[in-house]
Each structure stands twice: as C-alpha cells, then as structure tokens.
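Everything on this sheet refers to the single structure shown next.
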C-alpha cells in the first residue's frame, strides 16, 4: 500500500503541474549526432530543476525512503508533463502480483521506463509499433530480459508461461538500439547490464558527472551447431587443438584455424547413457589428457552407462572412468579398442553425479564425484554402492603394473587408513558443478590449487566455491565463498584465466550459473583472500557478438584463454549449442605477444606404441601382453600345451604343424601322407614356411 501511495502522489504531482520543464533541453541535439530523445507522446523530455528535485525528495520521504523514478532519471525526464502517460501506463495487474523482493525491485525499475527521456525509442520500433495490451514492457537489454524472466516467472502466474528465449524474442532489443535499463544500475551480485555504449550520449548531454566504467569484456562466437556441448579441453601437445565434448557421447576437434573436423575424435555414443530432460546429468561427463600425451597418447574419459553385467543391483546407471589411447596411424582419432576400465561407481539418481577428471601439476589424476543424492539409509540398506561418493580421488596412472590400472600415491591422506578408501584425497562434496586446476598458482605455500563449485549440503538453495585441500572434509570445512545464487540456476564452475589476450582478467576464476549469469573470483595478493566480482559482458552495440542461452560448461585452450559452452534448449538431439570465447574489446583478438608456433599433431613414434600390438602399453611405456602372448613387445604367441613334433605356435593356442602331423598340438601322425626320402629338405621348407607365416601374422 505504501508503494502504491507513493506512485499516486507522483501522479498527483504531474496532474497539478508541480514540475515545469525547459523545452529547449530536449530539442538541443535533434539535429546532432546524439540519440534523438522523445517521450511516449512525441514531445521532448524536460530538465529537472532544483525545486523539482525537492518535490521528488518529499515524495521519497512520504514513500518511506523508496527511490522513485527521479532517482533513475535525475536530470532529464518525461514525467514532468501533464499530458505524459507517466507511471500509470504500466500500472496493470503484474506490478502488484508478487511479494518477491527481487522481482518487486525489477518491476519498480520497469515501471519507470515511461519516464525515460528515450521512452519513445524504448517502446516503439519499426517492427513493434503497437504495444501489447496484456503486458506493456519496454524493449529490454538481453541480459536484463533473462534476469527479469527467471526472477519473476514463478511470481507472475499466467503471464510468463513460455521459455526465456521466446519471451526475450519479443521483449528484448534485437538491433543495436537503446534498450532498458538505460540508467546505471547498482549491482549487488551478478553482471551489470550488457551495454557499453548506450549510456555515453545520455551522460554527456544530461550533464551527469558520475563516472561510468567501460570495463566490460566481450564474447566472440567461435562455433555453432553443436549438440549439448558440456566441456572443451586441450591436449597440451602444442597442436593447439580444442576438443569439444558433446553430452551424447562425441568428442570433436576444433583446429586453431577454426575448422571443425567432420569425423569425431572419439565416438562412444553407443556406450553412453545420456539424459534428455533438464536436470538429468547423465552423459559424457569429462575428458582429461595425460600430461605426457604427446608421447604416450593416453587420455581418460568419464561417462554414464548401464551395461548388462550391472543389470542386477541397486542402481539406476553406472559412472565409468576409462583410459583410451590415440590411434597409431591417425593422431585425430582415438582407437576405441584400447579401452581400459579404471573405475565404476553405481549411481541411484541422475543428479549430483560429478565425474570431472583433471591432472594436477603433481602428475596425478583427480576424479571429482558428487554424492549422487545417496542418503545414509541407502548406504546401509543396499550393498554394492560405492564408498567414493562425494569425494575427490587421487590416482597415480603412471604404473608399470599390468594387473591393476593405477596405484595409490603414498602421499594420499588415507594411504594406510582402514576407515576411508586409500584413493580418497578429500570428501564432503555434494554437487560439484565443475572443477579446475590453476596452472600458475600465486600462493607459494600451496603447490596445488583446485577450485570447485558445489551446492551447500545444509542449505541446498545456496551455493559455494571450494578450494580442494588434502584430507579436508567439506561437510564442515568453510568454503572460499558461500552465497545465495542471483537466480535459480545451479552453479557451473569454470577456469582460472591464465591467458594472454584479456590481460584484465588474468588470475581471475571465471564461473557462472546455468541461467547465463557470470562472476569472477580474484585472490588478493596481500591477504590471499578470494573476492567476488561481477563479470560484465558487452552487448552487440560494443561487441561483435553477445551471449545467449544457458551455460552448460566452460573450456580452456592451450594458451589459457577461457571459453563458454551454451545451448538454448536442454534436448541433446538439437544442434543449437554454441562455443564462445571471452575477449577484451580493447585489445586485438590475437596480440603479437600472444602468438605462438603451432605444432601439427603427429602419430606416436615411441617403440612401445609402434610394436606393442598384441597387448597394451602403460603410460610409462611398458608393454602388457594380452592373454596368449609373451616376450618383448608381446610378439611371441603361447600355445598351451606346447606344439609338438616341430610345430610352430603362430597364434594363441594355434599350432602350424609340419607335414605328416595333425591335431591342435601336432600330436597326431597323418597316416595318409606319403613319406618322402628327402624329409630333411621338406622339414627345412616347412620350417621356413612356418616362419614366414608367423612373420606375416605380426605384420598384419
């Protein structure tokens, strides 16, 4: 009631003509390069004089200190004329339909749009010359439109029953023209409005002395037509290829020249069980390249599946971690026959999965797992559930042992413990939304900086950023940052920017939420404390492109540049995913100091990768033979029992017999063969033939 009273008082002031304007101000720059100002009724706006401001101050006092539209447009306004539509233009049912404080704040701002000196431009365009009778809104800035939709859609029933893209298709400004809000907004959290050049003319003409910071960054659309891209990583081999993961089970290569290879680098879509509904986290989860990938060709993949051998048991699906090796002949394709299963975790639910894989500077593989929404009752009542849930695992994959895929680092906190699995490095996580390793940590006391986004177990509506430290329990451990998200979207972890192009972003941890809001964390060099700051991204008026859609993940290339992966729909089958790169508009896209020499990807050249064909080789270069093979590089076949009468074992349990002998081990004499007196010569020929056949089998 108090808010409505304040608006009525303002309308009364308009009707009685309390405000007097100077028509010359609104007409001053009509012929100049400044943006043409017109109110909704076609008249120029008026300048506020001192007595007008006193009246506004009195109205603010009557409203209990609420800032009215005079606070948004303190110098020039269209609410000073008796024939102005004023605030009543937008006084319909939606502005009193919510008790949500955040939504109310946005509605109060939108109510003041008719008072803007650019109100005619905000409400009328050639494509939209008639106002909608049910919901009369100005043309909103794209990020503001999304913020309004996601904040208010649950509090204004019946009016916003649509998607964010459809809503903003009509109510967001599509061209480079002015959009609402056209006044500086104080941001408690979240990005500032994504416009860089739209306030400049207004401040110059209006005589506003406040300093407006033009420190926004931009996004450059790199690739479109992707299917639910969830991550983008590099191999660290000098080729500067970017490997894009699609949720359905594909990994694609983007070259430094911007070409997307037609043939996928990895295709396991027949193994991957992916979810098609929003909130279903199943699918291809993560990819990490071995630090020595250039020599050993090893990579590690995590995905969800449901194979037959797990068909019986207390689970919905299986989270699996697998080692693959790149093809010996084609460096742009994985040999799927080299798959070695590292880890399998039974999951009951389709959320809180985690599955992030990454290598630390210590060379160990880190696996970040969510709690899978598993309760203590689930753990007690059902056998077969993993003890790894909600944990960070640390494994040593550089092992020469052929019977186990990894070893346990002796520095793991539970190496000799009986209470925790020795693989566990830290635990107490709930819903890790992506983690990243800082490649250049600034704190000399910490040689490993892993930052993760996570939900708060005690209060699921809040989120937190964690710094993963050895042996910590994050059920009780304080987080780096804990806050209530500025929208209802879950957090999506990003990367610590260590690139070259956007120098202003250097050292900042870039992350966001699912609904397209971006934040950064910066560590103070003095206090070592992490401070939260909004990340401002410019709109199309100041940048070559703008961000749209939901954030699915972040990526990092070999130079340390950060990428954003998005999609406007949650269906995995749709090709509307995009890849964006964060760039600084004040610097060239590729400054001279950022240029590096690209090394074309080459096939593996090590002896083990070329000769170990009847087995697999470990990341350290040891050839582990498949059953039935032995010797150096597994080139000697084994026959058990051994071949008799001079027969040669050419394949596992396959003997090539001399003439005159039969049977699996050449143990039988062939009675039908005529004996030849020169048996010695024939035996030599048979021996030579056996050798040639054996050699041919190796070559094949």
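Positions of Cβ are set from backbone N, Cα and C atoms, glycine also.
The Zn(2+) binding site annotation in Swiss-Prot covers 383. Under the heading disulfide bond, Swiss-Prot lists 216-536, 218-543, 402-624, 435-452, 500-594, 612-623, 625-634, 639-649, 643-655, 657-666, citing sequence analysis as support. Annotated domain 'EGF-like 1' per Swiss-Prot: 607-634, in sequence order, evidence recorded as sequence analysis. Taken from Swiss-Prot, the feature domain 'EGF-like 2' covers 635-667, and the record attributes it to sequence analysis. Residues or ranges marked as N-linked glycosylation site in Swiss-Prot: 99, 416, 447, 459. Feature annotation from Swiss-Prot assigns region 'Interaction with SHH zinc binding site' to 376-388. The signal peptide annotation in Swiss-Prot covers 1-17.
Mapped onto this structure are the features recorded in Swiss-Prot.
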residue : record         : Cβ neighbours (10 Å)
435     : disulfide bond : 24
452     : disulfide bond : 26
623     : disulfide bond : 22
624     : disulfide bond : 16
625     : disulfide bond : 19
634     : disulfide bond : 20
639     : disulfide bond : 20
649     : disulfide bond : 21
657     : disulfide bond : 22
666     : disulfide bond : 23
By Cα-Cα distance, the member of recorded positions 216, 416, 643, 649, 655 nearest residue 612 (disulfide bond):
649
Let's see if you can do this one: DSSP helix, strand and coil counts over the domain 'EGF-like 1' (607-634), in that order.
8 helix, 8 strand, 12 coil
In Å, rounded, how far does the Cα of residue 666 (disulfide bond) sit from the Cα of residue 416 (N-linked glycosylation site)?
53
Residue counts in helix (H, G, I), strand (E, B) and coil for the domain 'EGF-like 2' (635-667), per DSSP?
0 helix, 11 strand, 22 coil
Cα-Cα separation of residue 634 (disulfide bond) and residue 416 (N-linked glycosylation site), in Å?
35
Rounded to a whole number, how many Å is the Cα of residue 657 (disulfide bond) away from the Cα of residue 623 (disulfide bond)?
29
Averaged pLDDT, computed only over the residues in the domain 'EGF-like 2' (635-667):
88
Rounded to a whole angstrom, what is the C-alpha distance between residue 649 (disulfide bond) and residue 623 (disulfide bond)?
21
Work through the disulfide-bonded residues one by one (218, 402, 500, 536, 612) and point out the residue whose CB has the fewest other CB atoms within 10 angstroms.
402
Would you mind listing, in sequence order, the residues at least six apart from residue 643 (disulfide bond) in the same chain with a Cβ closer than 8 Å to its Cβ?
649, 655, 656, 657, 665, 666
Cβ atoms within 10 Å, counted per site: which of 216, 655 has the most, among these disulfide-bonded residues?
655
Show which residues of the chain containing residue 594 (disulfide bond), separated from it by at least 6 in sequence, have their CB under 8 Å from its CB.
499, 500, 501, 559
Residue from 402, 536, 623, 624, 639 whose C-alpha is spatially nearest that of residue 452 (disulfide bond), among the disulfide-bonded residues:
536
